[in-house]
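Enquirer: Got a structure for you, questions after.
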């Protein structure tokens, strides 16, 4: 397709599932994938012959656990030694190695060991979402708005933007998931009176709570809180651990080091978790779980709630935090909107309702699609495709999720930009030298809420040199923190007497890639895409040849043909059939060889049958 789509798509890049939407004819359309599903598993699988993305990857996960990658969102922009990363590695069947502090996924693909970053895996999922939209629009898609959890750090946001670039997308904006969901909620319910709306977004792997003031088309985030490492996957993990222990107790077999058994048990636990949102008891069944032993166990909703009690309760702390940060009393929250598949869990709904003194919760928007919906609206606004009264005054005012600053003497965190500051923004703070005649100052940049920098996240550092020698404390060094609409940071420092300056765009933090590295990954992605196309063509040629062989074998076996066909001609056809079968059995055969074999067989058949006329 040569025609380029003028607008942009909205993508909800989820931990477990992703969703894509587009603004068309004054409305948002959620685009189904080739299976007809409106959400696509965020899974990528590698085999000896091909790469699979989405449903096809998830469906074969139990047979190929070590080479089926999921949860890339839990790795993106994180360091290998991060405690959360280490915790996750214990649950994943695929291998994650330390590559200079960057967690890197190692798989077997096309008979070789290959290594991929979380950005590259995410880019493969984004490419799939891009292709889904292109199939619908019949145009090439080049622009997108991608959503991230509100509590994502600068590194995680930048890494997500890089993933978009690797997928061949111009990422117009990174927007926060709860803000996108608020658009889905508020677009059709505009009011001139201000409304305080709490978005409770509990997905497959991340959790956000945002409080917004919505008035007309203005969506102003007052405060945000959450946990980038809490969601449905954690509830699955707890169930899996529960049943591992039960199987061990009953059968004296430990399956914790058996990736295939774990994948099958995880799938059964995920189904049970979903079922328990609508029934009070269900059964977890896995045929031949280990050593030919079938596993079957019933679980009640009450037991499921008990197993996850601590995790469920942890979802309420961020709710209290946003109300405290925004100084908005419970009673002044007009609506509590549930977003994310995990909000279907009755216990979660009860906890939220109880916190708000038994208030009814708003379930008016589709929890799986709301975020992509809001992203599509923002995409339409940014590309001037939003041609509706509903969107003409739309304005998003988001906030910084975590404080930003620099390390001062004693490794104390000097906050420059406090959390919940509206973005885009520019914040300044003056620092000074700590030693006499100091001519160089290093500015280590951090993000977090702790006093000790060691307990916050390092984003990068830069040096300001050429400071005139003077007694300690006399130099005036002004640090400027500039945050763009994506929440991505640029820091500048100026020595006021000389005007000498230095700056850093946070690009050397873990997760953010250099432009050279991104280009290299784009080329790799194109190479994999070509390999996928080549494999599909080979499969088609193989299938076509097999079908033709079958037809010819049937034809020459028919009595009336056998009687008329010359013995020599039949022998030639049989020889060609044998040659074609040999070609099909070759491991390293290619599309060209298969097509040539089919052509030779066709010519032999045509010559033989010409003599029958």
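Placed from the backbone N, Cα and C atoms, the Cβ positions cover glycine too.
The ATP binding site annotation in Swiss-Prot covers 15-17, 73, 204-206, 270-277, 341. For 40, 516, the entry in Swiss-Prot reads phosphothreonine. What Swiss-Prot records for 151 is phosphotyrosine, and it gives experimental evidence as the kind of evidence. The phosphoserine annotation in Swiss-Prot covers 153, 155, 256, 353, 501, 514, 515. Annotation source Swiss-Prot lists region 'Inter-domain linker' at 391-401. Per Swiss-Prot, region 'Substrate binding domain (SBD)' is recorded for 402-612, and the stated evidence type is similarity to another entry. Annotation source Swiss-Prot lists region 'Lid domain (SBDalpha)' at 515-611, citing similarity to another entry. Swiss-Prot lists 573-581 with the feature motif 'Nuclear export signal', giving similarity to another entry as the kind of evidence.
Can you tell me where each of these features sits in this structure?
Expert: Contacts of residue 271 (ATP binding site) defined by a Cβ separation under 8 A and a same-chain sequence distance of 6+ are given as 284, in order along the sequence.
Note: residue 40 (phosphothreonine) has non-local neighbours 17, 18, 19, 20, 33, 54, 55, 125, 128, 129, 132, i.e. same-chain residues 6+ apart with C-beta under 8 A of its own C-beta. Under DSSP, residue 40 (phosphothreonine) is assigned to a strand (E or B) in the three-state scheme.
Residues near residue 151 (phosphotyrosine) in space but far in sequence (CB under 8 A, at least 6 apart, same chain), listed by position: 206, 207, 208, 224, 225, 226, 227, 228, 401, 402.
Long-range Cβ proximity for residue 153 (phosphoserine), meaning a same-chain Cβ under 8 A and a gap of 6 or more residues, is found for 77, 228, 401, 402, 447, 457, 459.
Cβ environment of residue 256 (phosphoserine): 244, 262 lie under 8 Å away, each six or more residues apart in the same chain.
Other Cβ atoms within 10 Å of the Cβ of residue 353 (phosphoserine), summed over all protein chains shown, number 14. For the recorded site, residue 353 (phosphoserine), the DSSP three-state label reads helix.
When pLDDT is averaged over the region 'Inter-domain linker' (391-401), the result is 83.
DSSP assigns residue 501 (phosphoserine) to a strand.
Taking DSSP states H, G and I as helix and E and B as strand, the motif 'Nuclear export signal' (573-581) has 9 helix, 0 strand, 0 coil.
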Enquirer: How many whole Å apart are the CA atoms of residue 273 (ATP binding site) and residue 155 (phosphoserine)?
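Expert: Answer for this pair: 32 Å between alpha carbons.
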Enquirer: What same-chain residues lie close to the region 'Inter-domain linker' (391-401): Cβ under 8 Å, and 6 or more beyond its ends?
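Expert: The answer is 150-153, 175-176, 179, 183, 187, 216-226, 377-378, 380-381, 417-423, 425, 483, 485, 487.
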Enquirer: Determine how many residues of the region 'Lid domain (SBDalpha)' (515-611) DSSP places in helix, in strand and in coil.
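Expert: DSSP composition of the region 'Lid domain (SBDalpha)' (515-611): 88 helix, 0 strand, 9 coil.
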Enquirer: Given the binding-site residues 15, 206, which one has the fewest other C-beta atoms within 10 angstroms of its C-beta?
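Expert: 15, out of the binding-site residues 15, 206, has the fewest neighbouring Cβ atoms within 10 Å.
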Enquirer: How many Å separate the Cα atoms of residue 277 (ATP binding site) and residue 353 (phosphoserine)?
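Expert: Residue 277 (ATP binding site) and residue 353 (phosphoserine) have their Cα atoms 16 Å apart.
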Enquirer: Please report the Cα separation of residue 204 (ATP binding site) and residue 353 (phosphoserine) in Å, rounded to an integer.
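Expert: The Cα atom of residue 204 (ATP binding site) is 21 Å away from the Cα atom of residue 353 (phosphoserine).
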